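Below is one structure, written out as structure tokens, with a few remarks after it.
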Amino acid sequence: MKLCNESVASSSSSRHSSNNKLAESENAAAENSNNMSWGTELWDQNENLGIHTNRGIDALDKFANFLRDRVTIETEYAGKLRRLVKNYQPKKKEEEDNEFTSMQAFRNLLKEVGDLAGQREVVSESLQLQIIQGVTLLSKALREDRKKCLSDGAMLQQNLTTQLSSLERAKRNYEKAYRDSEKAVDNYKKADMDLNLSRAEVERYKNIMTSKIQQSDDAKNEYANQLQKTNNLQQQHFSILLPAVLSRLQELDEKRTRGIREFIIGAAEVESSVAPIIARCMEGIVKAGESINEKEDSFKVIERYQSGFAPPTDIPFEDLSKLDPDSLQDHYNNSMSNHLTMRGTMSANKIKKRVGIFNIFGSNKNSLTADGQKEDFSDLPPNQQRKKLQAKIAELQQKIAQETNARDGLMKMKIVYEANSSLGNPMTVEGQLNESEHKLEKLKIDLKKYQGYFERANQAQVANNSPQANRNQLQNGHRTSRHSNGSADDHHDEGDDQPDDAGSLSRSGSEDNVAQIQNGHNNNNNGSASPESGLGTSHTSLPGSGQGSANENAIGEDAYFETEVEPLQPLGTCRALYPFEASSEGSIPMNEGEELQVIEIDQGDGWTRVRRANDSNGWDEGFVPTSYIECTLYA
């Protein structure tokens with residue numbers, strides 16, 4: 001609307017300037033008309049001038065029709081642009097893609113195209129109101145003036161023709177009277193010389209001669225009078241009356257010509273008035289294109305679809321010769337089942353039951369939502385579960401805020417009714433107030449429930465996504481356990497159930513520790529959890545920091561002791577592409593653009609170990625996501 005108002009204002013100013021130019025052009029044309037006039041130069045071309053002026057007005061009407069057709073095209077173009085924008089507006093099912101910069105840029109593009117359509121509508125309206133109406137009124141006025149001029153010219157010509165006819169009659173009468181008088185004179189002379197005629201006869205011829213001479217003189221005087229009138233009228237006609245009419249036709253034609261010129265300029269000014277706004281629309285489209293960030297979109301794809309599972313480790317070699325022949329087939333079947341249900345090898349939508357470190361996907365007690373998912377979204381991967389829970393919590397908080405405002409409004413209304421009963425009965429609000437309280441209480445219960453789900457999901461996420469736990473899983477992919485028969489067997493550190501009679505000590509130690517974490521207790525003397533869980537006392541604690549693991553203590557004879565080692569030599573440097581907040585054990589935060597030292601490259605778990613100097617002349621070491629940094633390794 002603002003753009004349209006600017007266009008209307010600019011169009012109004014251009015219309016005033018166009019009127020001023022038209023007045024100046026008329027004054028200049030008036031000065032030129034004194035030098036060259038149709039009345040003096042084309043006094044004998046009245047008919048051709050009538051034809052010329054008619055063709056000129058037809059050309060003006062043709063220009064008006066051209067503008068009408070252009071307005072129609074502009075209107076259709078604007079309408080089609082608006083339909084195009086409407087047809088390509090993101091659908092409701094596509095709203096989740098609006099977080100990508102490419103989709104946001106496309107939406108901004110549609111908005112700018114809609115503004116372009118608005119400017120084409122402004123051009124169409126301005127041409128219709130300012131130019132076409134002006135052309136139509138001018139054409140109508142010119143036709144009326146031309147008709148009047150031609151009528152006046154015809155009347156003048158009719159008067160001149162009438163006077164010429166009178167002069168011609170007077171001249172013929174004079175000629176006839178003159179011949180008659182000459183004949184009468186001849187007859188009298190003959191009679192006077194004829195001695196045979198009587199005096200009376202001679203006198204009669206004399207009287208006839210005198211009468212004819214008198215008639216001839218009267219006709220001569222009439223002829224002279226008509227001739228004088230005709231000459232006067234003819235001189236006035238060709239020097240004053242007809243030039244005035246022809247000059248009016250000239251002014252009329254010049255006005256038409258100036259009108260076409262000014263209307264063409266006005267149409268261009270209408271187009272120019274919206275050009276800055278169209279240029280801004282183009283700038284908006286360019287800015288929308290420049291706002292697309294492929295790295296940011298790739299990062300958002302990771303955020304959307306990242307499951308939170310670690311890639312599967314190497315499948316251990318199992319020596320079947322050391323197993324009992326009776327349990328060989330069962331062991332083979334279980335091994336295949338474990339392989340098929342390994343973390344990260346199947347889609348979360350296809351996994352019916354998964355036993356993880358916190359058993360967060362093993363509960364079937366939750367009711368299903370309308371879209372077939374569990375109430376706590378435990379059937380989704382960890383990251384997706386946390387996002388769903390966050391969205392649900394935000395939705396509940398919004399509903400609570402709305403319901404709280406509604407309840408406060410009802411309470412104020414009740415207080416007003418109690419203070420002034422004439423305004424209403426307080427009891428009518430009581431029922432609505434009780435219902436609102438009931439809804440609010442239910443929403444708070446749901447909020448607390450989902451906050452509990454979210455807290456448990458966060459605990460599980462910290463344990464599963466710890467860089468220490470992932471690194472330990474890769475470095476210690478085979479856990480040696482002692483069986484009752486004294487043979488050693490390798491088991492994957494997944495916590496999956498195995499058909500062992502005695503069970504592995506390492507698995508028992510991990511499961512006991514996990515149970516302690518889930519119950520909110522930790523029985524380790526040093527206050528730190530096992531490297532399997534990835535939980536510790538600080539974000540910067542790392543493997544090899546002197547903290548013993550519960551799993552290693554449980555192994556017994558295979559336990560080993562860690563000793564302090566020299567600081568690792570840097571393998572290269574890296575630059576942070578994105579800011580990262582350390583939310584898991586063993587990781588360190590970093591800011592965008594920060595330079596760090598690489599002391600251990602990614603081992604396939606998605607984490608890189610880095611180091612930086614701190615304010616106390618020491619070093620901070622920890623893990624950061626590999627996808628968040630750009631590494632430059634030394635040769």
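The backbone N, Cα and C atoms fix where each Cβ goes, glycine too.
Lifted from TrEMBL, the feature list:
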| type | residues | note |
| --- | --- | --- |
| COILED | 157-236 | coiled coil |
| COILED | 386-460 | coiled coil |
| COMPBIAS | 7-33 | compositional bias 'Low complexity' |
| COMPBIAS | 460-487 | compositional bias 'Polar residues' |
| COMPBIAS | 505-518 | compositional bias 'Polar residues' |
| COMPBIAS | 528-552 | compositional bias 'Polar residues' |
| DOMAIN | 36-297 | domain 'F-BAR' |
| DOMAIN | 379-456 | domain 'REM-1' |
| DOMAIN | 569-634 | domain 'SH3' |
| REGION | 1-33 | region 'Disordered' |
| REGION | 460-552 | region 'Disordered' |
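Residue counts for the domain 'REM-1' (379-456) under DSSP, split into helix (H, G, I), strand (E, B) and coil, are 72 helix, 0 strand, 6 coil.
Here the domain 'SH3' (569-634) is broken down by DSSP into helix, strand and coil counts: 3 helix, 33 strand, 30 coil. Mean pLDDT, taken over the domain 'SH3' (569-634), works out to 86 on the 0 to 100 scale.
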